[in-house]
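Trainee: Quick one: structure below, then a few questions.
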Amino acid sequence: MGAQQVKERSGAGAGTIGTGGGSIGGLSGGGGGGTVSALGAGSSIRSSRNKPRVPKDSRILGSNIFTEHSEALLQSRPLPHIPPPGTLLPTDLLSSQEGSENHTGTLHSQGSSNTAQSSFENAHRWTSKENLLAPGPEEDDPQLFVALYDFKAGGENQLSLRKGEQVRILSYNKSGEWCEAHSDSGHVGWVPSNYVTPLNSLEKHSWYHGPISRNAAEYLLSSGINGSFLVRESESSPGQRSISLRYDGRVYHYRISEDSDGKVYVTAEAKFNTLAELVHHHSVLHEGHGLITPLLYPAPKQNKPTVFPLSPEPDEWEICRTDIVMKHKLGGGQYGEVYEAVWKRYGNTVAVKTLKEDTMALKDFLEEAAIMKEMKHPNLVQLIGVCTREPPFYIITEFMSHGNLLDFLRSAGRETLDAVALLYMATQIASGMSYLESRNFIHRDLAARNCLVGDNNLVKVADFGLARLMRDDTYTAHAGAKFPIKWTAPEGLAYNKFSTKSDVWAFGVLLWEIATYGMSPYPGIDLTEVFHRLESGYRMERPPGCPPEVYELMRKCWQWNAQDRPTFKSIHHDLEHMFQIFC
């Protein structure tokens, strides 16, 4: 099959820090003025699409997303560390070059650079011997599983695991989130079901990323080096798999086909019994057979999942307070304060939201925990547990390393976040909100301050303190309820009426925040004037450099009549499409 060339990732944005108040899960925003900056300069994007963002010598020096160790196919032979830009190459590889490096690690000797490059690549090639081995009879045992991650038992009835360890699965709990495992040492205990996979499963391979979108694959590979790759399953067509491969600043996608005999192939000239054999073949073949370059470096997978729920026992969400060790305060929230903490039971870093000594807020606090318990999506902050046996009450959630999106946008700026990154973050938020929409939940406080950022620009919607389950199409806030004026839809300001369509309005404002790297909405307009300006037809102008297509989506979100606004499902689809066009 032929390669589909993906448009080059590039784009620019300009601007400085803006303003905004409020909190995200207790993380406060700051204040200040600023100049509007861009989600991505439309003209710059189009004019530079055909220019590689990463120079060809990046295959020597590496780049940010692949500067960590990637697990190779053989656990005994992990992929060596790929040095970041500016790191000196190993001296033994460059011994033939006199004065070939300066202090930044740049090669001066053009004549010998090819030799050094070849030596470096040979030294850093991954080894895929595992794929050459015929599957043993034990791989056909449906009860035999292998651990994907280390797991530290947090209770007497749990079983610790080592990555790569084989266990026999005996049963599952009611939710299916825990399974009872029997180890080779004879011990039996519960382990998280997403920490193990069948021995014959593709999940055990470092290069297999499962069902992720084409856009997500491109983003994972956008900062890679030549030969960086992954194998993914189509989200829209389950069972259909593709190879995504980076070469010379671009990402290519190859569909993996299967013939009537069950053999898999990229081109009909080279067919294989298994996907692992296909990957091995294309990792050692230097030319021909369909791929533009060999499969050299598996793209790192996301970090191991957080253990949800707390225990295999149903409805056990109460965490012993003495198991939580507070480290430092992150900010103040609507009901209390937020801390970074360590959960001693598993040794994990977590976020802890505390409740102020206010009995009026207790009901809302517990409702928030109940809502978060039900919500499980890759782009929603997940609940780990609660401490409610004595005040102050705690809600313990997963920890996101880069804090709230508003502060992240302001501190990172365009030097770190290009148009691709901004659009990627917006798409993730839309995905999380589409899930809430499908569950008939409204957030009621969607804003940049209420989204959290993790590694590799992973974004999750947070702070469900105002979220409500819709029993009808709308939710009416109680008398005296407080809500953020600049993010609230007209029907919310006028009648305290909220629906998923009012969340859509807020998402349009959030898009504007992203496009301006964190400016406060409606600059120069007093809070008391916002509703009247909107009623008269005013809408915020397109930020300089923001692509017209993105601004058009904002305007759709700001339709006065709620029913005229798009759904989050369609918003997510539109953003995915823009990602392909602009990136």
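Including glycine, each Cβ sits where the backbone N, Cα and C put it.
Those TrEMBL annotations? Automatic predictions, nothing curated.
So TrEMBL lists the following for this protein:
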type: REGION; residues: 1-62; note: region 'Disordered'
type: COMPBIAS; residues: 1-10; note: compositional bias 'Basic and acidic residues'
type: COMPBIAS; residues: 12-35; note: compositional bias 'Gly residues'
type: REGION; residues: 76-123; note: region 'Disordered'
type: DOMAIN; residues: 140-201; note: domain 'SH3'
type: DOMAIN; residues: 207-299; note: domain 'SH2'
type: DOMAIN; residues: 324-580; note: domain 'Protein kinase'
type: BINDING; residues: K363; note: ATP binding site
Trainee: Take the domain 'Protein kinase' (324-580) and average the pLDDT across it for me.
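Mentor: A mean pLDDT of 87 is what the model gives the domain 'Protein kinase' (324-580).
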Trainee: List the helix, strand and coil residue totals of the domain 'SH3' (140-201) as derived from DSSP.
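Mentor: Output for the domain 'SH3' (140-201) reads 4 helix, 28 strand, 30 coil.
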Trainee: With DSSP as the yardstick, break the domain 'SH2' (207-299) down into helix, strand and coil residue counts.
Mentor: 18 helix, 32 strand, 43 coil
